[in-house]
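Trainee: Below: one structure in structure tokens.
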Amino acid sequence: MAGKPKLHYTKGRGKMESIRWLLAAAGVEFEEEFIETKEDLEKLRNDGVLMFQQVPMVEIDGMKMVQTRAILSYIAAKYNLYGKDLKERAWIDMYVEGTTDLMGMIMYLPLQPADTKEKNLALIIERATTRYFPVYEKALKDHGHDYLVGNKLSWADIHLLEAILMTEECKPDILSTFPLLQAFKGRTSNIPTIKKFLQPGSQRKPPTDEKFVASVRKIFNI
């Protein structure tokens, strides 16, 4: 039997967090090897295991996979979370790209200068409530199913739940005008594998704080 996937990244959310979410939701146990110093990163680069000299990198099925999107779509397809046909896959891709855009804005917020943070936080809340969440609310309303695509849990749902929880960290009542998304959050949070990942002590990482930002700047020279 193949070993557990091994995730190489820093000890925080960043681009690896969605990969952790997807593996956990699929019920897949994984190991993590944390990059804690500049030397740790240099060693991976010098060993030639980072195709583009970048992390995240995931060892899975005998491959050393890089590029977040490639890793995620491989895991989604492998664990039957990527739709039943090409059309469903296209819908999943569109929904995932939307939540990725929103999560990207939140992910980079802690790295921004203090004088622009407030403005950017207001932009995140505005985009979430006028551009992104209305799309998912409408999708759930139009087809009347529990899930976004094919009435079956998919990568799109897992990604959306992650985005909702990240956005709630910015504004706890952000879903106040989205009743179907509130219900969706309740349902998906209670799927056993996801519920387990949301418990304290899981491999889910906490929100990014200043201490973590300082360590990331050191490791990646930024």
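Cβ from N, Cα, C; glycine included.
OK, TrEMBL features for this one:
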type	residues	note
DOMAIN	3-83	domain 'GST N-terminal'
DOMAIN	85-208	domain 'GST C-terminal'
Trainee: With DSSP as the reference, give the number of residues of the domain 'GST C-terminal' (85-208) in helix, strand and coil.
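Mentor: Here the numbers are 89 helix, 0 strand, 35 coil.
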Trainee: Can you tell me how the residues of the domain 'GST N-terminal' (3-83) break down into helix, strand and coil by DSSP?
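Mentor: Secondary-structure breakdown of the domain 'GST N-terminal' (3-83): 32 helix, 16 strand, 33 coil.
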